[in-house]
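J.: Below are the features listed in TrEMBL for this protein:
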- 9-169: domain 'PNPLA' (DOMAIN)
- 40-44: motif 'GXSXG' (MOTIF)
- Ser42: active site, nucleophile (ACT_SITE)
- Asp156: active site, proton acceptor (ACT_SITE)
- 290-309: region 'Disordered' (REGION)
- 297-309: compositional bias 'Acidic residues' (COMPBIAS)
Amino acid sequence: MPTHKRVKLALGSGGARGYAHIGVLAELRERGYEVVGVAGSSMGALVGGLLAAGRLDEFTSWATTLGQFEVVRLLDPALAEPGVIRAAKVLGHLRDLLGTLRIEDLAIPYVAVATDLTAGRSVWFQSGDLDSAIRASIAIPGFITPVLVDGHVLVDGGVLDPLPVVATMALGPGDLTIGVDLSAAPDPAYDRMPARTNRLGHWLRTPARRHARPDTEPHPLAGVGALDVAQRAIDLMLAALTRTHLAAHPPDLVIGVPLNVCGTMDFHRAEEMIAVGRALAATALDAVADTGRDPVADEEPGDDSAERP
């Protein structure tokens with residue numbers, strides 16, 4: 001693998017686990033790999049877009065300072081809107097970082113994947129305003145308010161394409177395609193990580209507790225919040241859909257980030273997740289190097305599918 005230095009990346013969706021993408025990129029950079037194209041869904045679109053725009057280091061410096069209180073303030077919960085999170089403050093910060101950059105002007109070829117709920121299909125953003133493309137790709141249904149474009153309701157790319165390997169085919173040539181899957185099978189090693197209170201989930205559950213009648217019997221599921229159920233359901237759907245996509249369109253290498261490394265909304269754990277991503281990338285790259293297997297040479301002769309849009 002070390003001879004194949006030009007890589008295309010498919011960065012998957014998975015909420016706060018997407019911070020692991022930053023660690024993967026750091027490990028690739030240290031080993032001398034050149035990213036020549038990136039396609040992303042949801043958090044993968046955000047990290048990939050920042051990389052292509054040359055703003056990833058600035059974003060990382062900011063994200064690693066966020067505690068739970070700051071995350072809740074930035075996400076700006078809004079129970080009366082189509083998404084329970086307005087996220088106006090964090091989206092404003094993203095806009096400040098990206099300005100008016102357009103996708104076609106980026107230094108690295110880039111595709112952001114969103115889902116068109118109106119048409120029932122995936123949408124690839126390959127041109128236009130970068131900030132708007134990312135905004136559509138990260139609109140987790142039921143959590144972050146959707147984006148309306150020309151009468152079409154756009155939401156998170158992970159709804160239909162959580163690991164956009166196919167989209168990398170529109171990025172031009174590369175020696176190697178690497179997919180970073182944020183919904184890999186749970187790893188018991190991460191069950192020993194310290195539990196963290198999800199302040200956002202606590203905030204959203206508080207109104208229901210406040211209005212509950214004191215004389216009523218506690219519900220059998222009283223300890224399980226609606227946000228917890230929704231997060232778990234999304235995680236399971238992402239995992240199942242990703243397995244299907246990988247079976248149909250396998251990249252040369254998959255770096256898997258286990259589902260249980262952190263919660264979807266644990267955006268206060270950036271530094272920890274970056275370290276996890278870097279360690280997992282190192283393990284995956286070392287494993288291929290140790291076997292001496294050339295993932296590109298393993299393809300069938302004459303297979304040019306990686307270059308077809």
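Glycine is no exception: its Cβ is also placed from the backbone N, Cα and C atoms.
TrEMBL entries are annotated by machine, without manual review.
In the displayed structure, how are the listed features positioned relative to their neighbours?
T.: Note on the domain 'PNPLA' (9-169): mean pLDDT across this stretch is 91.
Within its own chain, the motif 'GXSXG' (40-44) is flanked in space by residues 9-19, 21, 110-113, 137-138, 140, 156-158, 161-164, 180, 182, which lie at least six positions past its ends and keep a Cβ under 8 Å from the stretch.
Spatially close to Ser42 (active site, nucleophile) yet at least six residues away along the chain are Gly12, Ser13, Gly14, Gly15, Gly18, Ser137, Ile138, Ile140, Asp156, Gly157, Gly158, Pro162, judged by Cβ distances under 8 angstroms.
The secondary structure of Asp156 (active site, proton acceptor), as reduced to three states from DSSP, is extended strand.
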J.: Sort Ser42 (active site, nucleophile) into helix, strand or coil using the DSSP assignment.
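T.: Coil, per DSSP.
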